[in-house]
Amino acid sequence: MRSKIFVSTQLGFYYVRGETQVNPCIFMLDTHSIVISNLSKHYRGTSQDALRAINLKISSGEVFGLLGPNGAGKTTFFSILCGLIYPSDGEVSLAGMSIASNLKSIKQIIGVVPQEIALYPTLSGEDNLLFIGRMYGLKGTKLKERVQSCLDDFGFDQNRRQAVKNYSGGMKRKINLIAGILHQPKVLLLDEPTVGIDVHARKEILAQLRQLNQQEGTTIIYTSHHMEEAEQFCDRVAIIDEGQLITTGVPETMVSVANCRSLEELFLQHTGKKIRD
Amino acid sequence: MNRVIATCIKELKLLAHDRTGITVLFLMPMMLVVIMTLIQNEAYKSLNESGIPVLLVNYDLDSLGYAIERGFAENPMCDLTLDHGEQFASIDKVREKVLHGEYLIALIIPSGATERLRTELGQMMDSYLDGDSAISVEQAFSQVEFQIITDPLARESFVMAMSSGLKEVIASIKTKVFFQIVTSKINGVLGTSNEVKFPDDDFFVFEESSAAAGAAESYEPNAVQHNVPAWAIFSIFFIVLPLAGSMISERTTGVYVRMHTFPGSYIMILSGKIITYICIALLQFLIVLALGKFLLPLMGLPILHIGTHWGALAVLTLAVSVTAVGYGFLIGTVFDTPQQSAIFGGISVLIMSALGGIWVPLNIMPEHMQQIANISPLNWALKGYYELFIKSGGWAEIQWQVLKLTLFFVLSVSLSYYFHKIKRSLA
């Protein structure tokens, strides 16, 4: 387990295995920071707001975790960031561009990994990726090389030509993830990317994501129910419940300030122990 | 454009992996064309070629009886069995044979019918020559009874057609006999022995021709001319099932979410889908057409004639394909599960095809059903193909059908857009 002490995510210091290191991504120009201002969403026919006046800033190169119980508003938040639905109020901007008015440009620089396996089950993993790559404007040799490289990185061999429906849960998750990073997005949105898979596959996926974040400076926004995973993986987390932002900060700092033993305890302290579904 | 091509490639790969879809789109129409054409060919043949089984029992054995025999023998619609009382000595035996379905209709000419006609007409002429002006035709003739026995399954219209044909033959014979009697009586009065031969040919002749645009090139409607376009249309409309199923599957899985996160317009992705399915529909049509042109003749069936207006044929087929894809889009948008779309889509296409004259040709449908058929897009398509394949029509004859099909497509797509908007606003 990586030991990590954040001094400040904005300054970019962190501590790994006794060494103080600087996250190079954080010192990059803040060209792909995400600014969320007063974001609200109300669905027709419902009495409660799905999101209520959320304000957040996510820096370029940051790994940001969005945590919350079922029905907290995570999927709504995620859907607005992807441009799938429009907010009722407020604004989301990426690199200074409003999502509402620059959706076309923004779609080119974001990668989306939905919680569901967003793949064609009867097509092979390779064919799914070739299609998705083409949709992002990749073509020819560049596309093929990029697909092969990603498949190699995630340990796919001959099985890349098998139908996705015959893959294990972990393999499906990996292809689902590759589909989101194939076009080398600047911002990657992950909705529960490790749900329903074994610990080995989860570790591999998180390692690849961390590598992507460190080597390419990709900003990652991810939602999860795994508190331990979020604590290890994220530079910063936010807890939302009933559409409202409860708290945000560096996991270790949040845990120590609240005098809790873990992020999970902190989470339960904020959201209560009531079963939501 | 790259995205449209990418979607086309993806759709084709998906279809290539869908054995059920391929069966529905390609194998089913091929089987339907062959089976239905073989079945209906016999029905068309019984009317057009081998004729209707008719039994004529001639007890008269004189001019009237022989003239009726000739009349039936020369009629191409009849497969005549003639008896002079050798096999069928009684009416009961005739009735039994008809009841068992060996003959669709039997006509019994009573013994001495000609002689009675001669006698009655002779008496009438004698009375006239004797100056008895009071005698009328009704008084002169006592009725001669012909028996017509029909199969209970025979259509009323057919029995009426046969009866009127029989009356026509009898009227012609009666005229000839009357002419002979008049000639004989005049000879008697004048003391001459002149013989005026009554002309065998009819005074009034009828020249029949087709009202089709290129009358010289019009083709006789047969099982192939009906079934090939009919089942081609049916199979094109069955594209609704895989298309709607594919749309719903995408919508109910994460693929739909991913598609909306792709750069560029979602319309481009839909365009790729539309183009692919239109191409599939055109391919279906070509396959069914090739069956009619090359395979069916090898099975002893008539060859398909497709006319000479290739441009009009291409436009009509494109319009049919576009209409079917539009309808598939509507079904795929309105329904939420592949099961719902398959049931509704399949049944609605079956109903529209039944109404539209795909299963049963329009001309043998009752009048009110022919009126109802006008609401079916499959009927518009079929009428268009009839114009091209049977009546040798061209663009001018099919443009109204093409317009109706195009409007149906526009309506389907508009409704799809409307339902899509509603569903997204509720999401």
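From the backbone N, Cα and C atoms, a Cβ is placed for every residue, glycine too.
Look at TrEMBL and you will find B:190-423 tagged as domain 'ABC transmembrane type-2'.
What TrEMBL records for B:21-39 (among others) is transmembrane segment.
Listed by sequence, the residues of this chain that lie at least six past the ends of the transmembrane segment (B:228-245) yet keep a Cβ under 8 A from its Cβ atoms are 15, 18, 21, 24-26, 28-29, 32-33, 36-37, 273, 277, 280-281, 284-285, 288-289, 291-292, 296, 304, 320-321, 324-325, 327-329, 331-332, 335, 338, 341-342, 345-346, 348-349, 352-353, 356-359, 377-378, 381-382, 385-386, 389. Taken from TrEMBL, the feature transmembrane segment covers B:228-245 (among others).
The transmembrane segment annotation in TrEMBL covers B:266-290 (among others).
The transmembrane segment feature in TrEMBL is assigned to B:310-330 (among others).
According to TrEMBL, the feature transmembrane segment maps to B:342-362 (among others). Residues 221, 226, 230-231, 233-234, 237-238, 240-241, 244-245, 328, 331, 335, 369-370, 372-373, 375-382 of the same chain, all 6+ positions outside the transmembrane segment (B:342-362), place their C-beta atoms under 8 angstroms from a C-beta of that stretch.
For B:398-419 (among others), the entry in TrEMBL reads transmembrane segment.
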Item to check | Tertiary contacts of the transmembrane segment (B:398-419) (same chain, 6+ residues out, Cβ under 8 Å) | outcome: 312, 315-316, 319-320, 322-323, 325-327, 329-330, 332-334, 377, 380-381, 383-384, 387-388
Checklist outcome for this item: Long-range Cβ contacts under 8 Å made by the transmembrane segment (B:21-39), restricted to residues 6 or more beyond its ends, are 15, 223-224, 227-228, 230-232, 234-235, 238-239, 241-242, 245, 280, 284, 287-288, 291-292, 295-296, 299, 301
